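Reading through the structure tokens given below for one structure.
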Amino acid sequence: LKGGDTCEYLLSSGRFLGEKVWQPHSCMMHKYKNSEAKNCLIDKHVVFIGDSRIRQLFYSFIKLINPQVKEEGNKHGNIPFEDKSASIKVDFLWYPEVNGSMRQRIKSWTEGSVAKPHIIVAGAATWSIKIHNGSNEALTQYKINITSIAPLLEKLAKSSDVYWVLQDPVYEDMLSESRKMITNEKIDAYNEAAVRILNSSSRNSKAKVKVFSVSKLIAQETIMKSADGLHLPESSRDTNAMILMNVYCNKIMKPIDGSCCQPQPSLTLIQKLAFCFFTLSIIGYLIINIIHRNNFRKSKSCTDLESGEEKKPGISTPNVSTLEMLLHSFCKLGLIMTYFYLCDRANLFMKENKFYTHSSFFIPIVYILVLGVFYTENTKETKVLNREQTDEWKGWMQLVILIYHISGASTFLPVYMHVRVLVAAYLFQTGYGHFSYFWIKGDFGVYRVCQVLFRLNFLVVVLCIVMDRPYQFYYFVPLVTVWFMIIYATLAIWPQIVQKKANGNCLWHFGLLLKLICLLICIYFLSYSQGAFEKIFSFWPLSKCFELNGNVYEWWFRWKLDRYVVFHGMLFAFIYLALQKHQMISEGKGDPLFSNRVSNVLLFISIVSFLTYSIWASSCKNKTECNELHPSVSVVQILAFILIRNIPGYVRSVYSSFFAWFGKISLELFICQYHIWLAADTKGILVLIPGYPMFNVLVSTFIFVCVAHEISQITNDLAQIVVPKDNSTLLKRLLCIAGFFSGLLLFSAMQDQSRH
């Protein structure tokens with residue numbers, strides 16, 4: 001189970017996912033871009049010393065820094081490379097045999113007068129086998145030579161990163177006559193000698209020569225594609241170069257999706273305080289629980305001393321105080337957050353890269369759809385978008401999004417575009433639901449606002465503290481929070497126009513439409529004025545909430561991507577409620593929404609629109625161009641789905657209780673997946689049970705769903721305590737919450753200062 005020494009695993013074990021994606025054992029490998037490679041290797045000197053196989057690795061390595069490099073130069077000579085912009089020097093030194101010449105070069109680096117390379121990658125053997133015709137004497141001499149070199153390499157390993165590359169197997173059938181003596185049996189003998197001799201004098205020392213044996217595993221799978229039976233195909237040596245980059249750079253660059261070779265992050269001040277708080281909550285709850293149980297036991301067995309008869313007390317269960325409920329909730333939350341931390345911050349469980357195949361996405365989709373249809377029940381009411389229907393909608397969308405994330409389907413553009421519509425549909429429901437509530441109820445009180453904000457943000461705030469992540473990292477919650485406040489502001493600002501007022505005078509409907517038009521103009525302006533948008537959200541303390549990686553660009557991108565859909569949801573709610581008020585639609589059980597003729601026409605148009613959008617999304621060739629069109633056209637498929645789901649009376653009168661159950665905890669599912677189902681902040685997959693991928697997914701999914709459900713219960717319980725209906729009590733709680741966030745900002749500023 002343990003993540004363990006992921007550097008050792010990266011260098012020694014792994015498997016292929018598909019044909020080209022290498023998966024190290026227990027950890028995730030980051031794919032370095034040129035800019036990242038340069039930043040990591042700035043002012044560094046790297047040396048590759050060895051034969052033609054090491055030269056191949058050298059070229060693959062420098063192409064990570066500069067992809068334009070051509071494989072030119074003297075094949076049997078030294079090859080220099082320099083990137084002056086980042087002051088990076090990478091040299092290949094031609095030493096095809098482990099002999100006195102190689103020893104002399106390595107020895108020169110151990111002497112004080114010569115600057116030591118920061119990284120040394122060495123390896124050779126096949127030339128010794130070839131020149132000496134695979135004789136046993138050559139192997140004996142190889143052992144003697146490597147024994148003399150080993151102490152020098154171990155000495156260099158104290159100040160530099162030193163890697164010895166074991167010899168890859170050959171494809172004997174393809175070898176030329178001059179290389180026929182290079183057999184896999186001989187190669188294994190040379191590798192065994194190197195492994196046994198290297199580090200023999202420093203087994204208990206931290207400074208060791210790192211044995212690069214993973215190349216053998218890669219070669220076993222790919223050497224058949226070799227051009228000459230000896231040298232690896234380009235894709236394999238590129239994988240080896242990427243492994244080298246991960247081994248050295250991950251601890252420097254700390255990429256989110258590169259868990260290999262990354263040390264466990266140290267606890268921040270805020271995390272330590274959170275740990276103390278949850279520990280005290282658990283202790284406090286246990287103490288109160290023990291006291292209550294003892295008091296209850298005493299009151300239950302009161303004995304009359306004179307008659308000896310047992311008297312039954314009037315109360316049969318202990319009273320649960322608000323404090324006990326509060327501590328009980330925090331006790332459960334503390335245990336759950338410990339699990340979160342162990343899964344995605346401690347190096348306890350393994351993490352693996354995602355790998356997309358069509359079957360890994362579409363087979364689970366078919367499976368859950370069959371389950372959803374199987375659990376079909378009648379709805380309590382037959383209105384358009386009734387509560388059960390919206391829960392069902394949220395549920396199946398959330399399950400599709402979860403499968404999309406764990407299967408890595410974002411790499412397949414048609415699936416990506418359809419999932420973007422699902423995210424837009426969530427926001428559409430945000431606009432529809434909140435507008436409907438304020439329009440019908442006319443309740444603009446502080447209690448309602450605080451309840452919604454608490455339920456939306458409680459889990460994310462706790463995760464920001466425990467997992468040391470910025471608020472914007474959980475982008476969907478900031479998105480729905482801001483849109484809720486925009487909807488509230490639009491309707492609450494004078495003049496407050498609600499249904500009751502509008503029924504008395506039709507002109508109020510035009511007043512509301514005017515408000516919506518003003519909102520649309522503001523959205524349009526901000527979407528095409530990135531500077532104005534960034535200025536608004538760059539003011540402190542808003543910047544603390546919406547910055548990611550030092551700027552608010554990610555927030556602007558997320559907001560812009562679905563900028564119109566909430567407005568569409570509000571407008572749909574207004575039109576639907578107006579039609580409902582004027583009795584222009586029929587919502588009786590089994591009745592079509594409109595007259596048969598109109599219903600059939602609308603149903604036909606909806607199906608055609610739905611399919612047309614799917615065809616367009618499936619034909620997308622460029623993600624950037626499709627994202628530009630998405631905000632304007634996503635509403636087509638959303639409205640088409642609503643009409644298909646609601647026009648036929650029978651379809652509107654039933655719902656899937658299976659999907660509805662997941663819909664009730666959809667927000668918790670969306671947030672929890674970041675750390676206890678996926679891993680490395682959604683970039684990889686959590687591995688609780690290594691070696692059994694399907695069983696691992698089943699177990700981790702069961703735990704994940706149970707945790708999400710429990711957090712939903714905790715949030716509901718705490719919402720009743722933290723956000724009371726009494727205004728004076730609520731005001732006091734709000735002052736306490738303001739104090740809490742002020743302290744959080746202060747500690748966050750102290751953390752930032754200590755980091756810099």
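Any Cβ shown, glycine's included, is placed from N, Cα and C.
The domain 'NXPE C-terminal' annotation in TrEMBL covers 22-92. Remark: secondary structure over the domain 'NXPE C-terminal' (22-92) totals 22 helix, 19 strand, 30 coil, with classes taken from DSSP.
Taken from TrEMBL, the feature domain 'Cas1p 10 TM acyl transferase' covers 253-734.
Residues 321, 323-324, 327-328, 330-331, 333-335, 337-338, 465-466, 468, 744, 747-748, 750-751, 754 of the same chain lie 6 or more positions beyond the ends of the transmembrane segment (269-291) yet place their CB under 8 Å from a CB of it. If you look up TrEMBL, you'll see 269-291 (among others) marked as transmembrane segment.
The transmembrane segment annotation in TrEMBL covers 355-375 (among others).
For 395-416 (among others), the entry in TrEMBL reads transmembrane segment.
Same-chain residues lying 6+ beyond the ends of the transmembrane segment (446-466) with a Cβ under 8 Å from its Cβ atoms: 270-271, 274, 333, 337, 340-341, 434, 437, 473-474, 477, 480-481, 484, 488, 667-668, 671-672, 674-675, 711, 715-716, 718-719, 722-723, 725, 727, 730, 734, 744. Taken from TrEMBL, the feature transmembrane segment applies to 446-466 (among others).
Annotated transmembrane segment per TrEMBL: 473-495 (among others), in sequence order. Within its own chain, the transmembrane segment (473-495) is flanked in space by residues 423, 426-427, 430-431, 434-435, 438-439, 444, 449, 452-453, 456-457, 460, 463-464, 511, 515-516, 519, 545-546, 548, 554-555, 558-559, 562, 566, 570, 667, 670-671, 674, 681, which lie at least six positions past its ends and keep a Cβ under 8 Å from the stretch.
What TrEMBL lists as transmembrane segment is 507-526 (among others).
Residues or ranges marked as transmembrane segment by TrEMBL: 561-579 (among others). Here the transmembrane segment (561-579) has Cβ contacts under 8 Å with residues 384-385, 420, 423-425, 427-433, 435-436, 439-440, 479, 483, 486-487, 490, 499, 509, 512-513, 516, 519-520, 523, 526-527, 585, 627, 630-632, 634-635, 638-639, 642 of the same chain, all six or more residues outside its ends.
Among the features that TrEMBL reports, transmembrane segment is placed at 599-617 (among others).
The transmembrane segment annotation in TrEMBL covers 659-680 (among others).
The feature transmembrane segment is assigned by TrEMBL to 692-711 (among others).
The annotation transmembrane segment is assigned in TrEMBL to 731-750 (among others). Same-chain neighbours of the transmembrane segment (731-750): 269-270, 273, 446, 450, 465, 541, 544, 722-724, counting only residues six or more beyond its ends whose CB sits under 8 Å from a CB of the stretch.
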Inset, instruction - Please indicate, using numbers and ranges, the residues of the same chain that are 6 or more beyond the transmembrane segment (507-526) and have a C-beta under 8 Å from a C-beta there. - result: 486, 490-491, 493, 495, 497, 501, 532-533, 536, 563-564, 567, 570-571, 574, 578
Legend entry - Overall pLDDT of the domain 'Cas1p 10 TM acyl transferase' (253-734), taken as the mean: 92
